[in-house]
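Engineer: Right, I'll just put the structure down here and ask away after.
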Amino acid sequence: MTTNYIFVTGGVVSSLGKGIAAASLAAILEARGLNVTIMKLDPYINVDPGTMSPTQHGEVFVTEDGAETDLDLGHYERFIRTKMTRRNNFTTGRIYSEVLRKERRGDYLGATIQVIPHITNAIKERIIEGGEGHDVVLVEIGGTVGDIESLPFLEAIRQMAVDVGREHTLYMHLTLVPYLAAAGEVKTKPTQHSVKELLSIGIQPDVLICRSDRAVPANERAKIALFCNVPEKAVISLKDVDSIYKIPGLLKSQGLDDYICKRFSLTCPEANLAEWEQVLYEESNPGGEVTIGMIGKYVELPDAYKSVIEALKHGGLKNRLTVNIKLIDSQDVETRGEEMLKGLDAILIPGGFGYRGVEGKVLAARYAREHNIPYLGICLGMQVALMEFARNVAGMENANSTEFVPDCKYPVVALITEWRDEDGNVEVRTEESDLGGTMRVGGQQCHLTEGSLVRQMYGEPTIVERHRHRYEVNNMLLKQIEAAGLRVAGRSADNKLVEIIELPNHPWFVACQFHPEFTSTPRDGHPLFAGFVKAAGEYQKRQVK
């Protein structure tokens, strides 16, 4: 099988939407029956985004095989059926660390290590490895053309045309075409200069995607084609839209997929976008709306919760409801109390690390429990729900997590190495013991309890969901909590770790240790989010009555 490569770069400014554009094009090519995947190459020096601040970088997207990756991989999985893996994302930091490790081992036989060829060769090897077995691989280069950090990546993709053949490579450049109100027209000069910058590196773009707040007129597209040496039919206008799921249709309507298939000499049927048309129909024809409060600590940057926000919208699609998401700082809940939570149809507490704002989340979980408001807790959201229930229902005063209070009397959440039984004996771990409690990352099996609400929603006894956490429910204190009325609705494959809890005497109170948002898609949704949004709609109806 010959793999074809589409390299996606951005110019003029950052945040133009390269990831969405690449994912949308991939969706069209997939709809034509092609086997497609997408890669993201990040120029920053961090080895991966796992330890980066969510308020700077946005969320960390976790793949099925346990890689901590860029949030763009979430967009990729929401647009195409191919599951991302650790092969689909790498950084400058990872490339340099691998090259330096080889140098220390003597693999280069004493050669002087340089950006060209050693770093660029390592990048190319990764790209080829990630594209194995696919008809088309789209490779998004992070950052903007002209950034110092991205130069090795741009040089590597320039060399790819030589290595695999120009007939199997295509360069797609996203650029800004701003509209100047004073002049009453769009301006093409920034695009011309961006392409000039790309040409200076040795890359002639084959396709230009022109981002603007309005459709770029045909005469301006012709001008861009002339000055940038690109066929007019390969200059694509991509205007701002109210739904990202309209973009596949926009690109297809301008013949981008036909142009690419001809360029690669691919024979395949026309794209059938019926599934995307159904998504748009559901989105534009809601039967009502609900307001869901998300209580978090990184709310100043919504991208920190990108997958959760999208999953809530998907839940709305499955229920024909518009979901209005109210982002609430958990510290504000601590200081201002329940007034921050009034008027909500449901409450969601997502994952997070660190003590800041935790007591606000505990208060929100209590408010949802006591007022019969639908509640969904994810990761830390499950842990604070457990802490709240232990304190206020199970009689465990000041119950906490050892992440926040290491010497608390009732550590209902702890590392496995900190679990103590009634006699004070520490849980013993061996090399064969479960790895939970260090950092569980990636897809894990979960057995659902017969008769539970979540078993009913999933419709199957065993599921696989993705984790990213260190702390677990403390089994040593679980009996007392269960006796007070809490149900364990899901356990790990070996039945040792609590994965899901729910309250049988509450209309809809579910919390999970895993991250269901990472497997939600607009076409399929996710059982937990669909059930949660449905419960929000039912709560709203009860309040009206």
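Our numbering is plain: 1 for the first residue shown, then up by one each step along the chain.
Backbone N, Cα and C define each Cβ position, glycine as well.
OK, Swiss-Prot features for this one:
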type	residues	note
REGION	1-266	region 'Amidoligase domain'
BINDING	Ser14, Lys187, Thr188, Lys189, Pro190, Thr191, Gln192, Lys223	UTP binding site
BINDING	Ser14, Asp147, Ile148, Glu149, Lys187, Thr188, Lys189, Pro190, Thr191, Gln192, Lys223	CTP binding site
BINDING	Ser15, Leu16, Gly17, Lys18, Gly19, Ile20, Asp72, Lys239, Asp240, Val241	ATP binding site
BINDING	Asp72, Glu140	Mg(2+) binding site
DOMAIN	291-542	domain 'Glutamine amidotransferase type-1'
BINDING	Gly352, Leu380, Gly381, Met382, Gln383, Glu403, Arg470	L-glutamine binding site
ACT_SITE	Cys379	active site, nucleophile
ACT_SITE	His515	active site
ACT_SITE	Glu517	active site
Engineer: Please work out the number of neighbouring Cβ atoms within 10 Å of the Cβ of Gly19 (ATP binding site), leaving out its own Cβ.
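Structural biologist: Excluding its own Cβ, Gly19 (ATP binding site) sees 24 Cβ atoms within 10 Å.
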Engineer: Whole-number Å distance between the CA of Arg470 (L-glutamine binding site) and the CA of Ser15 (ATP binding site)?
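Structural biologist: Arg470 (L-glutamine binding site) to Ser15 (ATP binding site), Cα-Cα distance: 32 Å.
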Engineer: How would DSSP class Glu140 (Mg(2+) binding site) in three states?
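Structural biologist: SS state of Glu140 (Mg(2+) binding site) = strand.
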Engineer: What same-chain residues, at least 6 away in sequence, bring their CB to under 8 Å of the CB of His515 (active site)?
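Structural biologist: Within the chain, His515 (active site) has Cβ neighbours under 8 Å at Val62, Ser307, Gly351, Ile378, Cys379, Glu465, Arg466, His467, Arg468.
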Engineer: Express in Å, rounded to the nearest integer, the largest CA to CA distance found among the UTP-binding residues Ser14, Lys187, Thr188, Lys189, Pro190, Thr191, Gln192, Lys223 named in the record.
Structural biologist: 23
Engineer: When the Cα of Leu380 (L-glutamine binding site) is compared with the Cα of each of the recorded positions Ser14, Glu140, Ile148, Asp240, Glu517, which one is closest?
Structural biologist: Glu517
Engineer: Tell me the Cβ contacts of Gly17 (ATP binding site) under 8 Å, same chain only and six or more apart in sequence, or just say none.
Structural biologist: Leu174, Arg211, Leu238
Engineer: Which are the residues of the chain, Gly352, Leu380, Gly381, Met382, Gln383, Glu403, Arg470 excluded, whose CB is within 8 A of where the CB atoms of the L-glutamine site average out, their centroid?
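Structural biologist: Near the L-glutamine site, the remaining chain residues are Gly351, Phe353, Cys379, Val384, Ser401, Val413, His469, Tyr471.
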Engineer: What does the structure give for the C-alpha distance between Gln192 (UTP binding site) and Ser15 (ATP binding site)? Integer Å is fine.
Structural biologist: 19
Engineer: Find the one among the binding-site residues Ser15, Glu140, Lys187, Lys189, Pro190 whose C-alpha lies closest to that of Gln383 (L-glutamine binding site).
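Structural biologist: Answer for the nearest of the binding-site residues: Ser15.
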Engineer: Per DSSP, Pro190 (UTP binding site) is which: helix, strand or coil?
Structural biologist: helix
Engineer: Sorry to bug you, but what's the C-alpha spacing from Ile148 (CTP binding site) to Lys189 (UTP binding site), rounded to the closest Å?
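Structural biologist: The Cα atom of Lys189 (UTP binding site) is 22 Å away from the Cα atom of Ile148 (CTP binding site).
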Engineer: Rounded to an integer, what is the Cα-Cα distance in Å between Gly19 (ATP binding site) and Glu140 (Mg(2+) binding site)?
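Structural biologist: That comes out at 7 Å between the alpha carbons.
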Engineer: If you draw a 10 Å sphere on the Cβ of Arg470 (L-glutamine binding site), how many other Cβ atoms land inside?
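Structural biologist: Taking all protein chains shown, Arg470 (L-glutamine binding site) has 15 Cβ neighbours within 10 Å.
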Engineer: What does DSSP assign Met382 (L-glutamine binding site), in three states?
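Structural biologist: DSSP assigns Met382 (L-glutamine binding site) to helix.
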Engineer: Please give the L-glutamine site's span as the largest CA-CA distance among Gly352, Leu380, Gly381, Met382, Gln383, Glu403, Arg470, to the nearest whole angstrom.
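Structural biologist: Value for the max Cα separation, rounded to a whole number: 14 Å.
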